[in-house]
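As recorded in Swiss-Prot:
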- H161, C196, C200, M207: Cu cation A1 binding site (BINDING)
- C196, E198, C200, H204: Cu cation A2 binding site (BINDING)
- E198: Mg(2+) binding site (BINDING)
- Y218: phosphotyrosine (MOD_RES)
- 1-14: topological domain 'Mitochondrial intermembrane' (TOPO_DOM)
- 46-59: topological domain 'Mitochondrial matrix' (TOPO_DOM)
- 88-227: topological domain 'Mitochondrial intermembrane' (TOPO_DOM)
- 15-45: transmembrane segment (TRANSMEM)
- 60-87: transmembrane segment (TRANSMEM)
Amino acid sequence: MAYPMQLGFQDATSPIMEELLHFHDHTLMIVFLISSLVLYVISLMLTTKLTHTSTMDAQEVETIWTILPAIILILIALPSLRILYMMDEINNPSLTVKTMGHQWYWSYEYTDYEDLSFDSYMIPTSELKPGELRLLEVDNRVVLPMEMTIRMLVSSEDVLHSWAVPSLGLKTDAIPGRLNQTTLMSTRPGLYYGQCSEICGSNHSFMPIVLELVPLNYFEKWSASML
């Protein structure tokens, strides 16, 4: 999860988020090299008195500044498309969970079970226990098994919402009348926090998301206790 004064990403806890972090570093290095080159050329133009006022054309230079940007764009586009297809791919999910956005809370339904659903509201600041996080704790956490492919179906009952958990690299829009889907898989147990990431009204800031990823045997015990 995030911590005060954090400047970077949250720790990756899913294969997709790890790929996104690698892509970010890859793209950032390319941007840094381009920026350095541009600054170097500008500094030369400002400090040197040498000019080429008689030059009418320079086909070699024009060829270079046409081909080089094309190569750079390819180096950015290929890994980006690879991750995009990875995020859209859904292979035999072990569990399906449907989440609906409301003003201003989330409801969850485990569709593989006959009667396992609940609403998840933010715990008010006045009711927090010592050690709990302000504006991030909920009365009902979403308990899921770790190291298993889970399909999330996301929609909304009223206005636009967005179901987002940064540590897992998830952000899926909740649109009324439309059912979007995404997959998640955590490589380690823990609590993962998120929030609604689409402005949806006066209490938009009070729609936290808490996922509790646990080993399979703990999930089975929890699901049995909820039925």
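Using the three backbone atoms N, Cα and C, a Cβ is placed for every residue, glycine included.
Overlay of Swiss-Prot annotations on the structure.
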residue : record                    : Cβ contacts under 8 Å, 6 or more apart
H161    : Cu cation A1 binding site : G101, D173, A174, C196, E198, C200, M207
H204    : Cu cation A2 binding site : W104, C196, E198
Y218    : phosphotyrosine           : none
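Taken residue by residue, the topological domain 'Mitochondrial intermembrane' (1-14) breaks down under DSSP into 0 helix, 0 strand, 14 coil. Same-chain residues lying 6 or more positions outside the transmembrane segment (15-45) and placing a CB less than 8 Å from one of its CB atoms are 9, 72, 75-76, 79-80, 83, 86-87, 166-169, 184-185, 187.
Packing against the topological domain 'Mitochondrial intermembrane' (1-14) from elsewhere in the chain are residues 20-21, 24, 166-169, 184-188, 190-193, 213: each is 6 or more residues past its ends and has a CB under 8 Å from a CB in it.
DSSP states for the topological domain 'Mitochondrial intermembrane' (88-227), grouped as helix (H, G, I), strand (E, B) and coil, give 21 helix, 61 strand, 58 coil. Other residues of the chain with a Cβ within 8 Å of the Cβ centroid of C196, E198, C200, H204, the Cu cation A2 site, are G101, W104, V159, L160, H161, S162, S197, I199, G201, M207. Other than the site residues H161, C196, C200, M207, same-chain residues with C-beta atoms no more than 8 angstroms from the centre of those residues' C-beta atoms, the Cu cation A1 site, are G101, Q103, W104, W106, S162, A174, Q195, S197, E198, G201, H204. Note on E198 (Cu cation A2 binding site): other Cβ atoms within 10 Å of its Cβ, all shown chains, come to 18.
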